[in-house]
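> Pasting in a structure now, in structure tokens, and then I'll have a few things to ask.
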């Protein structure tokens, strides 16, 4: 039996983690590599062969697509999570999901240490490590890109390439794209390289999930999305009568039709947890469609004040997820409140998807407090128009008293 300490390395198959794998082996560790399939286009067979050739003891490849969609993406849609009004948290949600597989595999293979290739400036190091510590407080972490010894040896990509050549680590012959990319079934994110200049538009060839609206069909796509307690249940495509029911099928289908219509492209500068601002470009077609539909159903079904309190809590929850606190007491508490607010968010929303836009055009629910007769401008109904006089007088009292004391409002 080997006396070497065992490390589980979160492995991507790329240059960085392949060099980290070899470096850990040089340090005397026995290394097992872990890869999570969360829907990214990846040649897992080739990555496995590469890791074994470099010297990994074993390579674990875990299919986590269903868990990712059902336990992370769907709850995020249900809670209405958006970071800084635009980012639907595709990468942020994947990290705690991957951490589950990482920690399960660490336990199965008796690894007391994990390692990863996240850089010291990004959010992923925080998300991975906070999630892993929450799932197993005893776990130890080796983060090479935060170790002086590693950083001094590898100043940049050239040093990594030289190291790979020296140790026979296979390097892709395909020229490296001038940006980095992270993909899963929910989205693709792009950053760094030429994207670090916010004044320069991202090139069209960058996008992989969506096509330009200039090339998209001139025929709108119409779908019905049904929700139960805030969770997507089914999608019906009007033109073909096709119905999708499982979360994985629903998201895959919406990604396809949303991508064809150029839905879900976002180019932004965001605030990282470390305090840095970072430029990111995202493609999130299917989740964008679901988010628009869910927001429409929420406003239709929820009491006004519940909706406003829920919206405030969703902002807090989005911050927690972005910053790596999916597993935290505060997130557990807020999640309970947000899910509780969704008990009446059930019904059907009809959407038109066209040229980058997602428009809710009709909705139905047995849970809404919408009263057509009460709201109608054509009949008085049970709400007497005379009652508004007292309502206005009471609300005007505060304004009258304020401006009586401090002078009339400035008309400019």
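A Cβ is built for glycine as well, from the same backbone N, Cα and C atoms used for every other residue.
Okay, these came from Swiss-Prot:
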type: BINDING; residues: 10-18, 36, 115-123; note: ATP binding site
type: BINDING; residues: 87, 92, 123, 127, 180, 189, 270, 282; note: L-citrulline binding site
type: BINDING; residues: 119, 123, 124; note: L-aspartate binding site
> Give the number of CB atoms, excluding that of residue 117 (ATP binding site) itself, located within 10 Å of its CB.
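Counting Cβ neighbours of residue 117 (ATP binding site) within 10 Å gives 21.
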> Near residue 123 (ATP binding site), which of the binding-site residues 92, 189, 270, 282 can be found within 10 Å, Cα to Cα?
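Near residue 123 (ATP binding site) by Cα: 92.
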> Whole number in angstrom, please: the longest C-alpha to C-alpha distance across 87, 92, 123, 127, 180, 189, 270, 282 for L-citrulline.
19
> Give the three-state DSSP assignment (helix, strand or coil) for residue 124 (L-aspartate binding site).
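The three-state answer is helix.
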> What is the nearest of the binding-site residues 119, 127, 180, 270 to residue 36 (ATP binding site), using the Cα of each?
127
> Which three-state DSSP class does residue 189 (L-citrulline binding site) fall into?
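Note: residue 189 (L-citrulline binding site) is in a strand by DSSP.
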> Please identify, among the binding-site residues 10, 16, 119, the one with the smallest Cα-Cα distance to residue 189 (L-citrulline binding site).
119
> Find, for the listed binding-site residues 13, 120, the residue with the lowest Cβ contact count at a 10 Å cut-off, counting only other Cβ atoms.
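If we count Cβ atoms within 10 Å for the binding-site residues 13, 120, the smallest count is at 120.
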> What is the number of other Cβ atoms found within 10 Å of the Cβ of residue 36 (ATP binding site)?
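Step by step: centre on the Cβ of residue 36 (ATP binding site), count other Cβ atoms within 10 Å, giving 27.
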> Roughly how many angstrom lie between the C-alpha atoms of residue 180 (L-citrulline binding site) and residue 16 (ATP binding site)?
12
> Tally every other Cβ atom lying within 10 Å of the Cβ atom of residue 124 (L-aspartate binding site).
19
> Helix, strand or coil at residue 13 (ATP binding site), per DSSP?
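Looking at the DSSP assignment, residue 13 (ATP binding site) belongs to neither helix nor strand, so coil.
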